[in-house]
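First up is the structure itself, then whatever we jot down about it.
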Amino acid sequence: MSSETSPHPSGRPVGPVDSSRVPRYAGPATFARLPRLDEVGGADVAVVGVPFDSGVSYRPGARFGGNAIREASRLLRPYNPAQDASPFALAQVADAGDIAVNPFNIDEAVETVQAAADEILDSGARMMTLGGDHTIALPLLRSVARRHGPVALLHFDAHLDTWDTYFGAEYTHGTPFRRAVEEGVLDTSALSHVGTRGPLYGKKDLDDDEKMGFGIVTSADVMRRGVDEVTDQLRQRIGDRPLYISIDIDVLDPAHAPGTGTPEAGGLTSRELLEILRGLAGCRLVSADLVEVAPAYDHAEITSVAASHTAYELTTIMSRQIAAGR
Ligand SMILES: N=C(N)NCCCC(=O)O
Ligand SMILES: [Zn+2]
Ligand SMILES: [Zn+2]
């Protein structure tokens, strides 16, 4: 397969396969048709799949999310006009494959994800994870905090995911951010949920969440106040802190993302999500995850296409930061 840019030893990043020469539906899928990490030796941004969904409370299937996003990402192109940037020319972005996580033992899976993330971050790369359920945000945040100290968090989700336990279990997809606050891996002066909606177990859910330091921009706030105002507010809260963005695809309305495990009506449009992300382009984004894509419930790749574009905006933000030396 031919590549658009020359190999890394020449000093220039290896870009995606040229889709004007090799049909975009040909060959095994990597994210955005980028090279595999082992083909380029090292990366500035490592895209990595996390095939894990043993922490879910309802529909399973997010273990298949990473590969569905890779398949849908075949249609991404190398220039991002919304951010006026060619993300894969500004930095070496590569597909690092999947982390081999134990589906039968959540504690072990959490450790495996953390160890794999440590290895990626220790190489100096930023990390964009694809797939998995929201349980994995905890080990990813532990790893990011080990490198950067407590980070600002922007959490896009229908749900708070700051609940305490399910069936007595501490590590589930509904509890990662409570654990993260307890463990001190988050900068509690800069925590925001975006897109929150839907029924809760009780008002205490919100009281607990506020005590942990979270601010909430609900899905209805985005609709009423508009993308620009909301994004300004988020940007101010983040400031120059190292930032982690965690995106649960169920932040989107089920019309925009049916392929997910715990859908809630009344969510963001994919246009709103993409525009909010673009408005965060100047932020010091150190790593990000995109979770809860469950392809078995998807139709016509609606969810995985939205997810692939979301990951594209995130990798563009990271590449621009790298090119700017931040
Ligand atoms: N989709 C995520 N991450 N969490 C949803 C948990 C909602 C619940 O079962 O109560
Ligand atoms: Zn959710
Ligand atoms: Zn979630």
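Yeah, the Cβs are placed from backbone N, Cα and C, and that goes for glycine too.
TrEMBL does not curate its annotations; it predicts them automatically.
Residues Asp157, His159, Asp161, Asp248, Asp250 are recorded by TrEMBL as Mn(2+) binders, and the candidate that the same record lists for that site, out of His134, His299, His309, is His134.
For Asp250 (Mn(2+) binding site), applying a Cβ distance below 8 Å and a minimum sequence separation of six or more within one chain yields Asp157, Ala158, His159, Ala257, Thr260, Gly261, Thr262, Pro263, Glu264, Gly267, Glu292.
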